[in-house]
Structure formats: structure tokens, C-alpha cells
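The domain 'G-protein coupled receptors family 2 profile 1' annotation in TrEMBL covers 3-95. The domain 'G-protein coupled receptors family 2 profile 2' annotation in TrEMBL covers 118-385. Per TrEMBL, transmembrane segment is recorded for 123-141, 153-173, 193-219, 240-264, 330-349, 361-383.
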Amino acid sequence: MEQCYQALESSGLPVIGEIDDGSSWCNATWDTVLCWPATRANSSVTLQCPPLKGLDPNKNITKFCHSSGHWMGKTEDDFSRSHGWTNFTMCFTQEVVDIMKNLNNKSLGIAQDVAKNVRKLEFIGLGLSLVSLIFCIIIFTQFRRLRVFRNMLHLHLMVAILMVVVIRLILYIDLIFTDKIGHVHANPEGKTINTMVFVCEAMFFALEYFKSVAFWWMFLEGFYLHNQLVLTVFNTDPKLTPYLLMGYGIPMIHTLLWLLVIYIKKGGTVDRCLGSYYLEPEFWILDGPRLIQLVVNAIFICNVIRVLWSKVRDSHNASELDRMKKSVKAALMLIPLLGIPNIMQTIPFSPTQENIVFFGIWTYCASFTYMYQGLFIAIIYCFTNREVQAAIKNCYSQYRLSHTSTNELRRGSRSCASYYQVRNGNVTTSLDGNGNGKELNDSPNMKLLLPPTVCKNRISQLTDI
């Protein structure tokens, strides 16, 4: 309220009405969204609609002051709130107006409950994706044996998805703070991202940029497999630099082109955050190439499967073919994993009284597939990757070996050595009390030399090192 008073005073608008002529006034007030100046009783004041999501800033909104000098509520005799009631339906965009026409009170309540529950589901999915992706990125960067070209493609794909997850979490958390602080006029001096237009625009630009980066690295995954099995475009030994230029450079140009078109459409002015830009026709500048990448990548994978099938019958290098088959499976799973939620997001699906149940199912499925992308990618490329599992096991074995005492290591080595001598037919002999040699097999303690599982693990540790 104090900020509202200061803004009114700086604009030369009244805060407290003049009562020289004996007439009543409604004092200046703030309805948590707009700041209203003092208004004479039995009159109204009109302001421009705020630039918030779902509201059209080109429209105006009116607030009425009752003859008693109180701001009018929903009804003429409703004075339960000091700031009265502001009818923001006057500011609704045409899309919101159409939605409200197709919903009654019951279906509107269901749609609001779906939105609240979906947001909780999204927070859980984004949190799981954040933790799993960070864990996988650390694994791929810390283990030297995993820094092969194929895994570098996986790494950059996970980095792009991680950035999308981080930006979405920041925007969602910022919305919570914006609701608590209250919606004020969006200006560069705002306290949250949603109230600082330039920062908000930059965040949505970064979001769409890294989404495009993720699609490009998905495309490069398929291109790499196609290049390795079907033809050679760069080199037989691929270099990472051309892939980096394509994976990060082309999306930047692509996203800047989309933002330029948006600014031209707005007349070069930034009056509000991008909002529901994915429902505008200009969004196809971004989404069209993404869908084309999905189709081309599907063609790549199908061709790779065809060539791989022919090589399976002729090749004797089973390990190499097995590795390539796993890569093809992972790349094939990326197509629906990135494509389905992206397509579901761009389909304008509005709730009505008739389809409210289907709308809820659609919304839950779209949010689940979209917000859990990072977790699914981490499972496909890291948690179920045998190379990663082997590297972690080897690291754990070396850790245990480095923390094993010298005496334990010697005892284990002697027992294991005796075991392998017996197994290979090299029977060890020893002297009895009379100086005669006897086979170790005759000793009742022979069973102590047979290695348990711990002994086998120690041999495995030694061979790994």
C-alpha cells in the first residue's frame, strides 16, 4: 500500500479525497494487482489492464466508488473488503473469454484442481530430473574411460535437458514469490522475474534456446549412428568440434530469428512477458524445424536398423554389433521421449463442460512426459548403461582395495594363489612332522585354502588394476 501511495503521489494523483464540498470519497487503495487513486463517491475510475498472463493490456478496467464513500464489492451493498471488488473479466483475452463461456462453476473448479495437482506433479518431476541429470553429468565427466565420442553426445544432450529443467524450476518458484508479493505493474524495477519484463523475456528465450539445443543433440545422436554405419560425412574418426558448432550455434540463430519476429509483431516494444507464446502462430518458427528433426531422425534410425540387420548376419564382431544395437535402441527411444510432449504442448486443448475429464487426463499425461524427460534420459543413457555400471563397480573395487590393510591383502592373496594352483592341477606339497612330503590335499585344513566369494572379488580387484 505504501508503494501504491508513493506511485500515486509521484504521478500527481490523489491519495485522499478532498472533502471541502462535503462530498464523500473512496480513498486510494491497492487490490493486490492495481493501484487505484482516490475517487469521488457515486463515480468510477478507469485504468489500463495490467500486462499479466490471460489479460489484455490494450483493454481497460473500471472500479466503482459507492455513494457511501466505500469501494463497491460484487454487489451494491457488499463492503466486506476495504479495497472492494475489481472485475478483471473486463481484461480477459479472447482465449480466456472463450474458455470461460464453455465452463460452468463445477467444471471450472475441476479444471482449477487439475492445474494445482499438475503443478505439484511437475515440481516432483523437475526435482527428480535435476538430481538424476546432475548425477549422470558428474559420472560422464569424472570417469576417463567414459569420455568416448558416443558418450560425449549423451553428455551434451543431458546438459541441454538439465538447463531446461533448471530454467523451468526457476520460473515456477518465481511464480510462487510473485503471488505472495502481489502482482504490481510490470516494470524494470520489479522484484521478481515475472514483474521484470526484460528478465522474463530473457528467461523464456533461454528456455526455448536450450529446448532447441536438446532437439539438435537428439538429431546429432541419430546422425552419428547413421554416419558410422551407413556413410561417412565428416571422418571415419569423428571430431567433436563440428558437432558442437551445430549443437549450440544453429539453435542460437534459430531462436534469435523467432525472437526478432516476435519483436517486429509487437512493434519493437516490450510491454509484457512472452506468456503463452507457444499458442501463437509465430511459435511454428521454432516448432516446425523441431518436428522436421524428429521425422528425419526417425528416417536415420530406420535406415540404421536396416543396415545393422544386414551386418548382423555377415559380421563376426559380436561385441561391436551389440554396442551399436544398444545405441540404436537408446536413440530410437529419444524420438517419442522428446517428440510426444513437444507435440502435446503445441496442440491448443481448451477445457469445456463436455471434455473436462479428457482434459484432465490429457493435462496429466502431457505434464508427466514433459517434466520427467530428464529422469527418463538419465535412465536410458546412464543408469542402465553397462559401461557406466562397470566404471562405478571398478571405482568401488579400487576404493575397497585402497582401504584394505596389508595383512588382509597378503592373507587373501595366499589363499587365492593356493586355490588357483589346485584348480589348475598344480598341487602344493608340504613337509609333515617326520620330514616326509605330503600333498596339500591330504591336509584337513585344505578347505581353508578354497577361496570364498571375497577371495574372488580380491582377484577381480587385482586384475582390474
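Glycine too: its Cβ is placed from the backbone N, Cα and C atoms.
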In contact by Cβ distance (the transmembrane segment (240-264), the transmembrane segment (123-141); 3 or more pairs under 8 Å): no
Secondary structure content of the domain 'G-protein coupled receptors family 2 profile 1' (3-95), with strand meaning DSSP E or B: 14 helix, 23 strand, 56 coil
Rounded mean pLDDT for the residues that make up the domain 'G-protein coupled receptors family 2 profile 2' (118-385): 80
